[in-house]
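Relevant sequence annotations retrieved from TrEMBL are reproduced here:
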TRANSMEM  6-27  transmembrane segment
TRANSMEM  60-81  transmembrane segment
TRANSMEM  93-114  transmembrane segment
TRANSMEM  126-149  transmembrane segment
TRANSMEM  155-183  transmembrane segment
TRANSMEM  246-269  transmembrane segment
TRANSMEM  289-306  transmembrane segment
TRANSMEM  327-347  transmembrane segment
TRANSMEM  367-384  transmembrane segment
TRANSMEM  391-408  transmembrane segment
TRANSMEM  437-455  transmembrane segment
Amino acid sequence: MERAGAYGFSAALSGSFLLSCLLFAAINRRQRGAYMDEVFHIPQAQAYCQGRFLQWDPMITTLPGLYLVSVGVVKPAAWLLGWTGSVVCSVGMLRFINLLFSAGNLYLLYLLLFKIHQKNKAVSGFQRIVSTLTLAMFPTLYFFTFLYYTDPGSVFFTLFAYLMCLYGNHKTAALLGFCGFMFRQTNIVWTVFCAGNVVAEKLNEAWKTRLQKKKDEKMSSRKGSFSDLIKILRFLIEYLTSPKNLITLTALTWPYIILVTMFFVFVFTNGGIVVGDRSSHEACLHFPQLFYFLSFAVFFSFPHLLTPAKIRKFLLSLRKHPVQYSLVAVISLFLIWKFSYVHKYLLADNRHYTFYIWRKVFQRHELVKYLLVPVYLFAGWSFADTLKSKSVFWILMYFVCLLAATVPQKLLEFRYFILPFLIYRLNVPFPSLYKQLLELAFYIVVNAVSFYLFLNRTFQWPNSDEIQRFMW
């Protein structure tokens, strides 16, 4: 890290943390008690603070990683600073843990951007800092910095594992992946993603070697015709069925294999991936979740994905390959028809933005969900187009993990999209400074509106005296 870049990043980190602390204080003054899922998380953490580690709220569906880390931070701090009484493990103190995770996430995002794009000498230190601030302020993640939810810690350990994987420290990456799993069980998918990075790198090396031997300069490991894709798939099957190659890959990825094996043992002994209340968290094949994610990605990355040049390029591709796009459209219509699910929470809880999106868009008419297929096609094409700088094996591995992380979820919940979006956004080429600043300004506006609604547009349900607030 260059000296000027280090000073610039330190200033950005300090300024961001200071502003977050001010916002944190304002939110805690207005919402002193536990809100939404905090009514489960905070009492559970407080029980752990009091040493009651066998007490468990059956309504909690995640493992106790958040509570264990909280006790591990708060208790020593309380001892060192002489805190006693209700301040120890209070609502505000527990929420502050996520503020620390948020600062850690900002630092990890900077290191990841530096590592992933280190070969791009055209990227300035200022651009890297702007992109880091933008991703750290990603609205769906940043909002939960100020509540006692699992998301900031889940993102922290997963990003940390990804960083260690990129540096080749796979045992450390697997250990951090385990910590991420303890925050949210579905994070096991991103442990597989880390292992997939290693596999994709080896596949790409072998594929390039084959191309050089055949002196086939027209073919590429990144893009090509349908016949090229068939050749790549044939190579993939041939490579992965070779005992020698499998031994090599196993030697490289064994820490991740152990963790994934532990995950399957957990699922078997637990009787499922969810702990506690399973009635509202049933796994299903909800394929439209992929379409919702792609639309979500276009919305939050519109400076990169929704541009006139992109639209013209998409229309040109549509004109050149009408049969392929028609086939994809028919498959999409079938998946929407047969695999659409509406969770009871989505219809009943009017505190979440998804409730209003569903009511205002999807519930207007039965045909709306089908009429949106052209939007999904553009979103999917634009999303994939921005990843064309990555190898075809990396792209394949990422999309497999994306499907595994989104499709089994019955509930449309934007928090489930945080990690796949961040990993995608970290790996796209750096845009122009103008687009970066536009994206940052957009995130600031979205965050400002979200916090304004949360703090000032409160309401009450007919049969309840509790104050309700809008949130992601």
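Glycine residues also receive a Cβ, built from the backbone N, Cα and C atoms like all the rest.
Map these features onto the structure and tell me what's around them.
Under 8 Å from some Cβ of the transmembrane segment (6-27) lie the Cβ atoms of residues 95-96, 99, 102-103, 106-107, 110, 125-126, 129, 132-133, 136-137, 145-146, 451, 454-455, all in the same chain and six or more residues away from its ends.
With a threshold of 8 Å between CB atoms, the same-chain residues lying at least 6 positions outside the transmembrane segment (93-114) that come near it are 1, 9, 13, 16-17, 20-21, 24, 28, 41-42, 45-46, 66, 69-70, 73-74, 87, 128-129, 131-133, 135-136, 141-142, 144-149, 151-153, 155-156, 159-160, 162-163, 166, 422, 426.
Only residues 6 or more beyond the boundaries of the transmembrane segment (126-149), in the same chain, are considered here, and those with a CB under 8 A from a CB of the stretch are 5, 8-9, 12, 16, 20, 23-24, 27-28, 34-38, 41-42, 45, 66, 91, 94-95, 97-99, 101-102, 105-106, 109-110, 113-114, 117, 155, 300, 414-415, 417-418, 421-422, 425-426, 430, 433, 436-437, 439-440, 443-444, 446-447, 450-451, 454, 471-472.
Same-chain residues lying 6+ beyond the ends of the transmembrane segment (289-306) with a Cβ under 8 Å from its Cβ atoms: 138-139, 332, 336, 372, 375-376, 378-380, 382-383, 386, 402-403, 406-407, 409, 412, 414, 417, 420-421, 424-425, 428, 431, 435-436, 438-439, 442-443.
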With the transmembrane segment (60-81) as the reference, which stretch in 155-183, 246-269, 367-384, 391-408 has the largest tally of C-beta pairs below 8 Å?
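Looking only at 155-183, 246-269, 367-384, 391-408, the most contacts with the transmembrane segment (60-81) come from 155-183.
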